[in-house]
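As written in TrEMBL, here are the features:
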type: DOMAIN; residues: 12-156; note: domain 'Flavodoxin-like'
type: BINDING; residues: Thr18, Glu19, Thr20, Gly21, Thr22, Ala23, Ser65, Thr66, Thr67, Gly68, Glu138; note: FMN binding site
type: DOMAIN; residues: 202-438; note: domain 'FAD-binding FR-type'
type: BINDING; residues: Arg347, Arg377, Gln378, Phe379, Ser380, Gly411, Val412, Cys413, Ser414, Trp591; note: FAD binding site
type: BINDING; residues: Thr452, Ser507, Arg508, Arg516, Thr517, Tyr518, Val519, Gln520; note: NADP(+) binding site
Amino acid sequence: MSAEMDLDLRQALILYATETGTAQEVADRVALECRRIHIRSRVLSMDTYSEEDLVSETLVIFVVSTTGSGAEPRAMSDLWNKLLRADLPSDLFEDVHFTVFGLGDTAYEKFCWPAKRLTRRLEGLGAHKICECAEGDEQHILGIDGALEPWLETLSKSLLELMPLQHGLDILLSNQTPPARVLLVNCSNPQAATNDNLDHDHDYGLATVKCNTRLTAQDWYQDVRHIEFDFSDNVEYSSGDVAVIHPIANADEVETFLSQMGWGNFADDLLEISHVHKDQSLPDQLPRCATLRTMFGRYLDFNAVPRRTFFRYLRYFTSDEAEKERLDEFLSLEHADELYDYCFRVRRTIQEVLSEFRNVRIPMDYIFDVFPPLRPRQFSIASSPKKNPHSIHICVAMVKYKTKLKIPRRGVCSTYLSRLRPGHQLRIRTLEGFIRLPADSDIPVICVGPGTGVAPMRAVIEERIQQNAYNNTLYFSCRSATKDQHYASEWNQYSVDNKLVYRVACSRDGPEGVKRTYVQDLILKDADRLWKLVDEGGAYVFISGSSNKMPTAVKAALRHAVVTCGHREEVEASRYILDLEKNGRLIEECWS
């Protein structure tokens, strides 16, 4: 560790990159820990930070999640690409101190890969690591808190060694209720209630629903929708990009929740939201003034499964001794399994927890501390801008299931989308995806997209056909050819027209007792053809869908083709697949 810093520079920059919002919550936790030892901090998403300023920072704490099978979050891409430049000097960050907390899941390949790579690259550019980096694992019984809690203690000790407390300052107690990040007061300007920040954000375009069609059979257990949005002007995006949609919670559920909390009688009072403690973040696009009904309908999520921090706030705000005792057990490491069984294993929601802890009284100023943001959702775009210059299509599975408590659940965003009707208007923005088509349209493309993973593949194939590029292969899998074979008529027509080789596995249509067939099994059968496409034709391979076992199985099948048809040893075959990834010829667009 380097020498002590100037005491006047007791400040830290906390940069996070997230897809689901968990890294943002962790960044806020880190900021609270910094506040406890009197270090001023700024919390920023990496995509809102100017990368050129990084060299001027003294202390940077990075919080980085993992996307799909080891990719960095989109918010990190610009910063990461600049850090990868070969012309950067090895002492570029010699005055920068840093550490990294990674978020991931050991069930997936390349656990916390972006955090590991970022750490190595920063050290390679001369930055000084103030303490060992840590990796939160969703598989831990405490989730990411299993690594975060001890790491925060280590971080505090390291920061105090680097920047000792000034004379007269004491470390704040960890069990002390932190001040609320906002102050809510009656709004003096009723006109402010009509302002929607999305209306003034030029990244968002006004979309009109053209159709909302069910793709799966009516008697099928899963409802998958094809939804088309039309724009008055050309909408700019590339095949492989994603659409960002802000959900609105069901009005009846919001009403029930507000009544449960005792806020129903003043739920429509207009309140001004003053951001007092700016080292704690607020939901995106939050207006200056809003009612509680609007806040819980659009910006705060009472249907989420709470994290451990939520129970800490309940402990602050209950007056009942029995509830305090139970919450103390939940928050202790010795009884971590009880919290897991009570909340995480059965996916109990915030609203359900609050209905049991009836003596909790949450001060209104604390709603942005207690409740997580209702985050926008990202959906792979299922259309090509060349074929649909005024339109965006998405393919969405409606989230509907029963918990281990036999309680039915519906996703907030999928419920919102399911109710959209032709003519409904909303604001949508697009974000750059990971898929990049080959510049030469003569190069073959191999798409692997089971289930709703077929969405970006539809965009790719439409784009290719518009370019008169017909050397395309699609591997798709579903359960039943007649129940959930998404866009089957399109694929079959392209196949008849010799514009696509369509390979489909219907895993539940075979006889009972026979091994089920998945996309990786079809790839194994097609090993010789695929090897020629990849090795001789320079084909690009795109994989999209669940990031659980499928991408790993598909890459194993491709590796098998390299071994058996390319006559390589296993080690050489593994290196061959890695080289495809490094060169951008094997790209995953997967999600957890």
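Quick reminder: no glycine exception, Cβ is built from N, Cα and C everywhere.
Where TrEMBL records a feature, it is marked here on the structure.
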residue: Thr20; record: FMN binding site; CB count, 10 Å: 16
residue: Ser65; record: FMN binding site; CB count, 10 Å: 28
residue: Thr67; record: FMN binding site; CB count, 10 Å: 26
residue: Arg347; record: FAD binding site; CB count, 10 Å: 16
residue: Val412; record: FAD binding site; CB count, 10 Å: 20
residue: Ser507; record: NADP(+) binding site; CB count, 10 Å: 16
residue: Arg508; record: NADP(+) binding site; CB count, 10 Å: 12
residue: Tyr518; record: NADP(+) binding site; CB count, 10 Å: 19
residue: Val519; record: NADP(+) binding site; CB count, 10 Å: 26
residue: Gln520; record: NADP(+) binding site; CB count, 10 Å: 24
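Thr452 (NADP(+) binding site) sits 9 Å from Ser380 (FAD binding site), taking the Cα positions as reference. The shortest Cα-Cα distance from Gln520 (NADP(+) binding site) to any of the binding-site residues (Thr20, Thr67, Gln378, Ser414) is found for Thr67.
If you compare Cα positions, Gln378 (FAD binding site) sits closest to Thr18 out of the binding-site residues Thr18, Glu138, Thr517. Counting only the Cα atoms, the space from Tyr518 (NADP(+) binding site) to Ser380 (FAD binding site) is about 22 angstrom. Taking only the Cα positions, the spacing between Arg516 (NADP(+) binding site) and Glu138 (FMN binding site) is 29 angstrom. Counting only same-chain residues six or more apart in sequence, the Cβ atoms lying under 8 angstroms from the Cβ of Thr22 (FMN binding site) belong to Ser65, Leu103, Ile144, Arg307.
Annotation: Ser380 carries the greatest number of neighbouring Cβ atoms among the binding-site residues Thr18, Ser380, Thr517 [cut-off 10 Å, Cβ to Cβ]. The candidate set comprises the binding-site residues Gln378, Ser414, Thr452. Of these, Thr452 has the most other Cβ atoms within 10 Å. For the pair Arg347 (FAD binding site) and Arg508 (NADP(+) binding site), the Cα-Cα distance reads 29 Å.
Residues Thr452, Ser507, Arg508, Arg516, Thr517, Tyr518, Val519, Gln520 are listed as the NADP(+) binders, and the farthest two of them sit 19 Å apart at their Cα atoms. Mapped onto DSSP helix, strand and coil, the domain 'Flavodoxin-like' (12-156) counts 58 helix, 34 strand, 53 coil. A C-beta separation below 8 Å, combined with a sequence spacing of at least six in one chain, links Glu138 (FMN binding site) to Leu103, Gly104, Asp105, Ala107, Ile144. Considering only the binding-site residues Ser380, Val412, Ser414, Val519 (NADP(+) binding site) has Ser380 as its nearest partner by CA-CA distance. Packing around Arg516 (NADP(+) binding site) is summarised by its Cβ count: 13 other Cβ atoms lie within 10 angstroms of its Cβ, all protein chains included. In this structure the residues listed as binding FAD are Arg347, Arg377, Gln378, Phe379, Ser380, Gly411, Val412, Cys413, Ser414, Trp591; their two most distant Cα atoms lie 26 Å apart. Averaged across the domain 'Flavodoxin-like' (12-156), pLDDT for the predicted model comes to 93.
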